[in-house]
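A short worksheet on the structure shown next.
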Amino acid sequence: MAKEKFERSKPHVNVGTIGHVDHGKTTLTAAISHVLTKTYGGEAKDFAQIDNAPEERERGITINTSHIEYDTPTRHYAHVDCPGHADYVKNMITGAAQMDGAILVVASTDGPMPQTREHILLSRQVGVPFIIVFMNKCDMVDDEELLELVEMEVRELLSEYDFPGDDLPVIQGSALKALEGEPEWEAKILELAEALDSYIPEPERAIDGAFILPIEDVFSISGRGTVVTGRVERGIVKVGDEVEIVGIKDTTKTTCTGVEMFRKLLDEGRAGENCGVLLRGTKRDEVERGQVLAQPGSITPHTQFESEVYVLSKEEGGRHTPFFKGYRPQFYFRTTDVTGTIELPEGVEMVMPGDNIKMVVTLICPIAMDEGLRFAIREGGRTVGAGVVAKIIA
């Protein structure tokens, strides 16, 4: 069967469902698919198709995730749903499914539960920028006051983790009833879709961001100077642009005097392209793999940060034994490994394979980083963990 042409005309937004086990995340995902395809066309996915999430591997970590797509009149959405709590943790930490916004599902029969809190905390740590709340199973609650109470509780919980709890949209509905085709509950799903459209801003495309290129290789070309190669992560670099070399050593400034791709000279290199950038007056030994080339002032080097980390289980090829404070692995950022030490939260003596944990990392040399940067934890080239920079300390 021929693949359908990907519709490029509408803005593309990535979302996902989060929340406590059995609160109805997958049912809601199916309901959104059902109601939006019924209203705006497309192909609906049913509960069983979504629930039977295929296994994926991201950086050697096994994650079960379901991907579905749906449209509103103005946007195209890619939506991820995970069957198990561990899958959410891994998904959010590895950034396997980057979310521009999340739909937090809370059963109004239960109110916020332990995983509700944990998913909100994870969203904060990994930088999910926007959360919309869907209060599910409202058909099972007769008492208006009880619904108000649950809504208040959820809003307070979100505020506790620095989300705008008082202002974000909360929709009260029933995923199951909408899936069964009851008009009053289907209307709530359309209300949720409108909230997605209006509350989650259009994500910035990679090409519109500040230029950054993680350096993979350095060559010296006689008579021309030094060329660094790598894939442009975001932004555009043009011939004549001033750039900074950031990380590992002191930051230096230079000028891009040429861009080449597949041995051809270009005027610019754009996000997603593998290219070589010729640097004016830079010596071969002044720049190395692991540094980044960036728009001046857009990124700074750091050595200490708070992170959220998932430790691979033995089955995923991770460690077979726990680690303790004083653990000194390598932290792999973009293109290079840097040794670092860890500080565990108070009261935590050891970390078991398969755990997720908040830890403070101190690197032996600075790396160009922003909050939200992903990294791997390695021992002798073998990945034993995945993490994300939650907060820069120094």
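Using the three backbone atoms N, Cα and C, a Cβ is placed for every residue, glycine included.
It should be emphasised that the depicted structure is a prediction, and the values quoted were computed from it without experimental measurement.
Marked as GTP binding site by Swiss-Prot: 19-26, 81-85, 136-139. Here Swiss-Prot flags T26 as Mg(2+) binding site, drawing on sequence analysis. Per Swiss-Prot, domain 'tr-type G' is recorded for 10-204. What Swiss-Prot records for 19-26 is region 'G1', and it gives similarity to another entry as the kind of evidence. Per Swiss-Prot, region 'G2' is recorded for 60-64, and the stated evidence type is similarity to another entry. Residues or ranges marked as region 'G3' by Swiss-Prot on the basis of similarity to another entry: 81-84. Here Swiss-Prot flags 136-139 as region 'G4', drawing on similarity to another entry.
Only residues 6 or more beyond the boundaries of the region 'G2' (60-64), in the same chain, are considered here, and those with a CB under 8 A from a CB of the stretch are 53-54, 82-84, 87, 90-91, 94, 96, 310, 312, 315-317, 383, 386.
Sequence-distant contacts of the region 'G1' (19-26) (same chain, at least 6 residues past either end, Cβ-Cβ under 8 Å): 47, 50-51, 66, 81-85, 104-107, 110, 112-116, 119, 136-137, 175-176. Proximity of distant same-chain residues to the region 'G4' (136-139), defined by a Cβ-Cβ separation under 8 Å and at least 6 residues beyond the stretch ends, is recorded for 23-24, 27-28, 105-109, 147, 172-177, 185. Following the DSSP three-state reduction, the secondary structure of G19 (GTP binding site) is strand. When the binding-site residues C82, H85, C138 are screened for a Cα within 10 A of the Cα of T26 (Mg(2+) binding site), the ones that qualify are C82. Cβ contacts within 10 Å of C82 (GTP binding site), excluding its own Cβ and spanning all protein chains shown: 24.
In this structure, the binding-site residues K25, H85 were compared by how many other Cβ atoms lie within 10 Å of their Cβ, and the smallest count belongs to H85.
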